[in-house]
Each structure stands twice: as C-alpha cells, then as structure tokens.
Amino acid sequence: MRRATLRSLLAHKLRLALSAVAIVLGVAFVAGTMIFTDTLDRTFTALFQSTASDVGVTAEAGFDAGVDGTAGTRPVPAELAQRIRGVEGVAAAEGYVQAEGVYLLTADGQVLDTGGAPGIGASWITDPELSLGELTEGRAPERAGEVALDSGSAAEAGYTVGDRVTLLTPGPRVDATVVGVFTFGEDGGLAGASLTAFDLATAQDLTGAGDGYTGIQVLAADDVTDAELRDRVAAVVGDGYDVQTAQQQADEQSAALEEGLSFITVLLTAFAVIALFVGSFIILNTFSMLVAQRSRELALLRALGASRGQVTRSVLVEAAVLGVVGATLGLAGGFGIATGLRALFGTFGLTLDGDLVLSAGTVVWSYAVGVVVTLLAAWVPARRAARTPPVAAMREDHVAVERSLRRRTVVGAVLAAGAAVTLVGSAVAEDGGNAPALVGVGALALVLAAVALSPVAARPFARALGALLPRLAGTAGRLARDNAQRNPRRTAATASALMVGLTLVTGFGVLGASANASVDALVDDALRADYVVSTAVGQPFTPEVADRLRGLDEVAAVLQERFTQVQLDGQAVFAAAVDAATLDRGLTLEYLSGSSDGLAGRGVLVDETTAEARGWEVGDTVEAVSAGGQRAQLTVGGVYAANQAVGSVVVSLETDAALGGPALDRYVHVVLAEGTDAAAGRAAIESVVESYPVVSLKDRDEFAGEQKGQVDQVLLLINALLVLSVVIAVLGIVNTLAMSVLERTREIGLLRAVGMTRRQLRRTVRLEAVLISVYGSVLGLGLGLVLGVSLTRALAEQGITELVVPGGRLVGFLVLGALIGVVAAAWPARRAARMQVLDAIATA
Amino acid sequence: MTPVQQTYPAVPAAPAGVPAARGRALTKVYGRGDTRVTALDAVDVEFRRGEFTAIMGPSGSGKSTLMHCMAGLDSLTSGQAWIGDAELSALDDTGLTRLRRDRVGFVFQAFNLLPTLTALENITLPMDIAGRAPDRAWLDEVVDAVGLRPRLGHRPTELSGGQQQRVACARALAGRPEVVFADEPTGNLDSRSGGSVLSFLRSSVREMGQTVVMVTHDPVAAAYADRVLFLADGRIVDEMTSPTAERVLDRMKAFDSAGRVVEVG
Ligand SMILES: Nc1ncnc2c1ncn2[C@@H]1O[C@H](COP(=O)(O)OP(=O)(O)O)[C@@H](O)[C@H]1O
Ligand SMILES: [Mg+2]
C-alpha cells in the first residue's frame, strides 16, 4: 500500500510539484507576515522599553496620556536624587533629562531624515550600569559644546569623533563637537529615531528643565529586590511621583506602545489573517484537485482489496509528508518575504535594525497552515474517493457527484445578515469611538459571507458574463465559459484570493480618496492665512520662528498653533492652543455662540459635538488637569461648528503654558500685510524660515499637497502589502489553472485531434482565467466599496469628513483584474497548447 | 488532357479519382537501441472514396500507428501520406490541425466527447472551432441516421456508451470529411450497441458516399466493411474483399499459426 502511494506520487511529478508549490506559497505568505510583524514589534519595543535601571522615578502624570509626546510633564527636582541615594539598598541613583525635538543637521545643512521617528535629545547617564548607551568610539560628553551621537545617525550623516555638528533643539541652535559615538539598547536599534546625548547641564538648559530632571534611575544593591526597593524609595519621595520597578515600567510602556502602534499592529494582524485565508485557499484548492484526479487510481486500489480506511490513510500520509516539506520550504520563503517587506518599509524611512525575528508562534502557525490545511484539503476528497464504489470509479466517465450548495447558502446568508447589521450599526452608532472596530468586525463577516456565497454566485456570474464570450471568441469563448461554470467551488476558491486582496485595495482606495478630499475641504473651509510654516509631519519646533516672523513688515498677523492633551471634567481630550488675538485672522471658525474673545483669561472654546455631549454652554466652568498634573478652572467662552483644523477644544497659548504645555509650535499661520506683493512677501518669510531647516513654508495649495502626500504614503505602504497578497493570489490562479489543464489532458487531446489550433486552445485557457479573475475582482470591488464607505463614515470624527469613490481607479482595478487573468493563464495555456495530441489521447 | 474548371464544395476538396487517403512506404520507428520498435514497416496503402475498410491484426501489429500517421496525428519516420491531394509531411502543426478539422473525422475507442457540451454541440464542435456554420440539411441527415434526435440536448454523462459512440460517429461525419478514421469504435460496447454503431458507419458509406477506415479486433465488426486489410508486425500481409465473419475468422486463425511458424523459424 505504502509503495503504491509512493509510486503514484512520483509518477505525477508535476502535480506533486504544483501541490507543493501551493503549500509553500501559502505558508510563505503567512510566515513572512508574521516574521515581519514580530520584527517590527521587537524594534519598537526595544526603542521604548529599554531600561537599564531597576527602579525609575518620574513625576506622577495627571492622567494617562499615552505615548504621544504632546503633553508636558513636570520636572523632578534635583534634591530628590540626593534623598534617594540615601535610601538603604540603593546602589546608585542618577537623574536624567530627555526631550523630543532635537535634530541633527547633515553637513549640507539639512535635517537628518528620521522618517517620521522622533529626534531625541538626552543627558548622558554617567554611571555605566545605568546607562543604556554603550560608547563604541570616543568618550561621553562632559561640558557644553560636546555631544555624543547614536551610531545609526552618525553613520547616516557621515560624522565621526572630532567633527563639528549643528543641532536644532526646542530652544536655540547648538553648535558642538562630536566626542563620542554609542550604540543604544540591546540591539543598537532606534527604529530610525536619532538620539543625541549631552552633558546633564547642557541638556537641562536646552530642554528648559532648569536644574530638574525628567526622571531618576535607581540601581538596586545585590541584596534587595526591585519591589522592596521601590517601596522604600516611594516612602522617601512621597506623593506626586511615580515610582516603578523596571518590570512595571516595561509593562506600562508596552501597554502604551501597543496603543500607540495599534494602527500598524491591527493592519499587520489583519494582513496575517488575510495571509492565512489566501494561503489556505490555495492549498485547499490544489490538494483537493490532486486527490480528485487520482480517484480512479484509488478506486483501483479499492477494487484490488484495499479497505476504505487504507485508501484514506494513504492519502493522508501523503498529504502530511507534503505538508511538512511544503511548510518547511514555506517558512524559508517567509524569510524572503519578510526581508522584502523590511526593505520596503526602509524606503519609507522606517528602518528595522537587527535580525528578523522567528518566534515560536510563526513556526507553529506555519506548520499548522502547511500540514493541517493540507490534511484537511486531502481528507475531504480522499474520503469521498474511498466511498465511491470501485466499479463506478473505474467506469470511463464516472459522474462527479455534485454536492449541494444549500448549506453554504444558508451560512453565507446568515453571515451577510450579521455583516449588514454590524455595518449599519457602525453608521448609526452613538459613540463614534467604537465605529471603526464595528466596521472591522462587519468587514470580516462580510468577507466570510462572500467566501461562503461565492460558489453559489459563480455559476450565474459565469453564465451572465460568459454569455458575451461565445460571441466574442467563438468556441474558445464557449468552452472557457463552460469550464468556469463546471466546478463553481473551484472557480470561487480560485477567485477568492483575488477577491480578498481587491476588497482591501478598494476599501483603502475609497478611504484614501476620501481623506485627500477631506484635506482639500479642510484647507478650503478652515485655513484663512496665506501661508503655513510647519515640519512635514507636524512635529514641534521652536517659537523663535513665530517671533521673528512677527517682526517682518510684510506680515500682518502670525497665529501659533500647538496641540496638547488635557483632561476636562475628568475626560481626556486633544486641545489646540492658539494665539487668542490672531485666531480669527489665521483660521476660520464658525461660532454658534460666543467668539474668539472667549479665549481671554482662562477661556476655552469647544465644538458643537463636545458642547452637546457634555452639556456645556457659554459661561460654564470646566475643571482642567494637564498630563503633568497642573490644574486650572476654565470658562467656556464659545461654541463653534465642527472644525478639522483645531479639533474639538481650543485654549489660548497662555492657558496651555499655565497647564505646563511646552513652548513648542506645531503650525504657524502667516497672514501677509495688505498691499504686500505676494512674491516679495514670500521671499521675506522664506528668509526667516530658511534658517530653520526643520520647518518649511507652504502656501495653501502646497500645504494641502503635503498633507495629501502623507495620506498617499500611508496608502502606498498599505497597497504595497496588499500587492503581495495579489501576487500570491495570481500564483494561486496559475496553480489552479495548471492543475485544471492537467486534469483535462484528454479533453485537450480530443480538441486538438478534432482540429482546435494551439492558438485557440491558449485562448480558451486564457479566457477561463480572465473570467475567474474578473469574478474575483467584481466581488472584491463590491465588498471593498461597502468596506471603504463604512470605514470612511466611521472615521468621520477622526477628520475624514468627505466621502469620495474614486471611480476611475476602481475601473482600473477591474481592468487590472482581467489582466491578472491573462498573466496567470500564460504558463498553463502554453502547457496546454504544447501537449502532444497522441499522449493526451492515450492518457487514461 | 485539360482539366475542366470545376467548383468543388469546400470539403472534400480533392479531385475525383484521387483516393480519399493513401500512404507510400509508411515507416514508423519508436525508440532506439534496445527499445527500438518498428511499428510500421514500409507500408503502401490506399483508401478509395466511398469504401468501408477494416484493419485487423493482432495487438501491437501497428493498426493504431497506421491510423494516427494517416490522419496527421503522428509524424512518420519515413514515407509519405496523403489525405486527398494534401501531402502531410508538407504541413506544419497548424496545417495539420486545419486538415484534421476540415478533412478528417475521428472516432476513438473511448473519451470522444467533451463533458461540458451537449450531444449536438459535440457533433458540431469541429465546425464551431473553425467558425463555420454547419450544413443544416446534411447535419439533419446525419443526426437522423444515428437516431439521436431526441437526445441532442443531453450531456455525455446522460448517454449510454453506445449512444456516446454514435454521437462521436455523427461528429466525425458532420463536416463531410474526406475520410473517417475509427480506432476500435466498438471496443468498449456490448454487441447490440456495437451493432448499431457499425450499421451507421456502413450506411454512411453506402448511402452518404463517405469513406471510412476502421480498426477492429472483432471479425463480426470487420464483416460490416467492404474490404479488410490484415496487418502483422507493421506490414500488410493480406487483403479480403466482401468479408464475412467466418472468412475473417478463418483467415485470422491461419495468420496466427503462420505467424507462430515464422516466429519459431
Ligand atoms: N509511443 C510509443 N512509443 C514506443 N512504442 C510504441 C508507441 N506507440 C506504439 N508503440 C509500439 O508500436 C507497436 C504498434 O503499436 P500500435 O500501433 O498501438 O498497435 P495496435 O494498435 O495494432 O495494437 C507496438 O509494438 C507498440 O508497443
Ligand atoms: Mg491500438
């Protein structure tokens, strides 16, 4: 029995290879995604989580502000470090200062590109046991005018010890000499961020920390546990400080990290699920074909006395062997895919250092997909083959039993109904915060429903669309249509990989187009100033820029805009902080009650939604708490219609400062003086902005373009990921078609014998592929539209106010779908055409 | 002698008097060295128009090879074959494909029909491939002759083996080929179904003027033909006109023993 199995496997080398390829593809896709996700996770975790101390002390936060750096924090007084050193069990304690907004300039005066990652400035921790940095060259900075650079930034900018460098800081520019180069953390990885180390005094000056610290790091003596030490330190420092063990810090930061990176994590997890889906489909498809094709052979074994169990078992053993081999190769292929993804992310400035991460989870899932899915794929047809009475199977053209699609119809309908309820629910949800999650659940249900229902719809679709084919392509067209209709399950399964890919591409296409339209609307409706000065990604920069612009004759008004997180009556919100005096010159707010005058004193403006939700009216008093713990009583001074430029809450710069907000601008809006020539005005502003390489000057169109550029970049990244799924889908179609061609060897021989030319035969295969891929594309477009519209609606509160369906692009996707069919058919079609007529006829 | 300018129907195209198919010194060698097999050994053969020829011979004597080479399904090692006035070695793959499509009909022992097409669609398949409309009157005549009118809309799986072979015969004849090649068309059928297929083939020759070449093992089947060619070891060793089952059987027995004598000697 075993020998018979082995022989038959070897006898069909091509089939075997195709099945193995399917498993390798499927597993590689899953493994690649997981390896990459883990690597990404590891890199970010290393960036935020690395800590060398046993206990850390920081000022207690007013509330949990997450990882976003918009909230100001109170400094820790220096004398506290002294007190902590006196605690029993403390081996060492050292204060440090750390802040964002410190950028290294390259030799030609440009800001070193961090790809959106922060530029961090910090004091050098002198105790080597507490320091995360490890010098690889030179020494630590000891006085003003000396810095040490992280090795990544130094290498990228081409600096070594002894070079003179210029740094942009939240305060003034700094010229310094590089005295050292260091690696950071265990992997030396900063995920693209740059880290510049100063001596403590300089760092305190630059970040405006006075003689205080950002925090204090404490090293425990050998005879004391971290928890014990924490309790002792906490007793000494008293209220108003967070004292945490390294483990607590790591846990807290990783929780915050997860929240901060939720977008990427959700995206990649979704992608891994898609990978699992697509991979399983390809394997299921191919392997069930492989077994179905051999049903006659299996029937012969039955006729010769093999039991049902023996037949089923022999197929399963074969599947298991193939699954293990395929999964192993697929795992290797996954490394290739992950390497490619890393290179791709690298081109977007997100550098992932260190080796790729192969976690146990990846291995388990790879083999689960490779082996379990293959076994499942083999088991169903094997059992069916074993059940077929030997005589029936041995007959020349035994009728393939057509299984009913009723169960699928029912399951699909239930899922579709669930999806509809969830999606409609997301549209009418009161609490907008849950809407995106609801859309996610609805989308999953919708895709599953489509997968369940697509075999049901495959036949009518092939018939309807295929009705054109005989007219366009004669017999080739009709045969293509008939072949596509012949096995609706297979047609659907082949198409579904493409469907899933196109669903997401379309959905994100709608979202992206809507986001871009929203940017236009924002610029048209809310921006009033002639120019905006900002960094490319809304990072903070020095208020010197605004001060100097205010001094220009060509400038009539300057509006500084900052963002902060603050708790109002117990609920955290994002607030914009602006110049009260120039708010109405730089931005358009539509006041429903009150006006910009309401910002005076400790005034606050809120948007309509917030006012309604909280029941606030002009004149009400609100309790504000900053992340640093500062408190203030604010008076509602006005209510405005929803505005994307400022968000839901506006305070004055003075109020923000009182709440401990750092004196760093995110946007500066500039209004030209009346009668100023536009070119002259721009030149004047440019002359100021030029000396701050981190910011740039944009007119309204340029500003819109820059914002849209960011949307497009995110979309590009998502699409690049999805292209991979489409590529895998195409390979899946190639595989299924190649198997179909093999399966129809005798038919092809017959067709050739009665006079079908090679060209006609190729065309038949090609048309069948096009029919299948267009089917997948149409389903994908439909689902993607539903998904995109729901997602856009759900994200209305996040600023995507417009809904745009990019019709031209969708038509493009459909054409692309058809082209994919042509491309996928190329090899199987050639194989079909190359078959020797006599061999084909002789094949039983 | 000046040939009279004449218009022929599109198919068949060869002038009258030219045999429907003929072969000269047909030689086919498979393999090389130890595995070398001479399947056809310098065979000269001619199939006249309007004649029903049966080819008989022991298994492995080269019957199928002869048919495949004559029909342009396989290439010759040496020698020449003609369908009408078309010399096969002069044609490339597309030329051979067209020739098979337009001027030759086929019936195989099994798997003659595409499962996705109805009986009628299978019958008109070669014409559909050519993009040509079938000759309705002729098609009606063929369909009635095979007696399948009520089954035209059925798919192959809904037809019995005999019915399937009759559909295949109808397909072979529907394009009015110059010659129909049938390789053991009744090999898989019971004698009653086989009989109806054979009667149809004979009537297509007698009443419709077609040319049929049929390979068979069965003396009873051979008796339907006008002429029987006997093949042994890749050579034509005898010929019989107006055969009956008994005479064919006798002749076969004679060859059998003669063959054995030759082998031993
Ligand atoms: N493709 C092939 N390769 C090698 N030998 C072949 C091939 N086809 C046929 N033969 C050999 O040629 C001889 C004639 O075969 P065939 O024409 O099929 O005989 P028949 O149809 O009379 O039984 C046989 O010895 C057979 O083994
Ligand atoms: Mg034969």
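Easy rule for this one: first residue shown is 1, then count along the chain.
Just so you know, glycine gets a Cβ as well, placed from its N, Cα and C.
Summarising the annotation, TrEMBL assigns domain 'MacB-like periplasmic core' to A:17-235 (among others). Looking just at the domain 'MacB-like periplasmic core' (A:17-235), the mean pLDDT is 77.
Feature annotation from TrEMBL assigns transmembrane segment to A:263-292 (among others).
Positions annotated as domain 'ABC3 transporter permease C-terminal' by TrEMBL: A:270-390 (among others).
TrEMBL lists A:315-337 (among others) with the feature transmembrane segment. Listed as Cβ neighbours of the transmembrane segment (A:315-337) (distance under 8 Å, sequence separation of 6 or more from its ends, same chain) are residues 2, 5, 9, 16, 19-20, 22-36, 283, 287, 291, 298, 356, 358, 362-363, 366-367, 369-375, 377-379, 382, 385, 724.
Per TrEMBL, transmembrane segment is recorded for A:357-380 (among others).
The annotation transmembrane segment is assigned in TrEMBL to A:410-429 (among others).
Feature annotation from TrEMBL assigns transmembrane segment to A:435-458 (among others).
The transmembrane segment annotation in TrEMBL covers A:491-513 (among others). Panel annotation: around the transmembrane segment (A:491-513), residues 274, 277-278, 281-282, 284-285, 443, 447, 450-451, 454-455, 457-458, 462, 484-485, 711-712, 714-715, 718-719, 722, 725-726, 728-730, 732-733, 736-737, 772-773, 775-777, 779-781, 783-785, 787-789, 791-792, 795, 800, 803-806, 809-810, 813, 817, 820 of the same chain, lying at least six beyond its termini, place a Cβ under 8 Å from a Cβ of the stretch.
Sequence annotations record features per position, and here TrEMBL assigns domain 'MacB-like periplasmic core' to A:491-687 (among others).
The transmembrane segment annotation in TrEMBL covers A:716-742 (among others).
Look at TrEMBL and you will find A:720-836 (among others) tagged as domain 'ABC3 transporter permease C-terminal'.
Summarising the annotation, TrEMBL assigns transmembrane segment to A:769-790 (among others).
Summarising the annotation, TrEMBL assigns transmembrane segment to A:810-829 (among others). Long-range neighbours of the transmembrane segment (A:810-829) within the same chain, counting only residues 6 or more positions beyond its ends whose Cβ lies under 8 Å from a Cβ of the stretch, are 498, 502, 505-506, 509, 726, 729-731, 733-734, 737-738, 740-741, 761-763, 765-766, 768-774, 776-778, 780-781, 785.
The list of residues near the transmembrane segment (A:410-429) in space but at least 6 beyond its ends in sequence, with Cβ under 8 angstroms from a Cβ of it, reads 435-436, 438-439, 441-443, 445-446, 448-450, 452-453, 456, 786, 790, 793-794.
Broken down by DSSP into helix, strand and coil, the domain 'ABC3 transporter permease C-terminal' (A:720-836) contains 101 helix, 0 strand, 16 coil.
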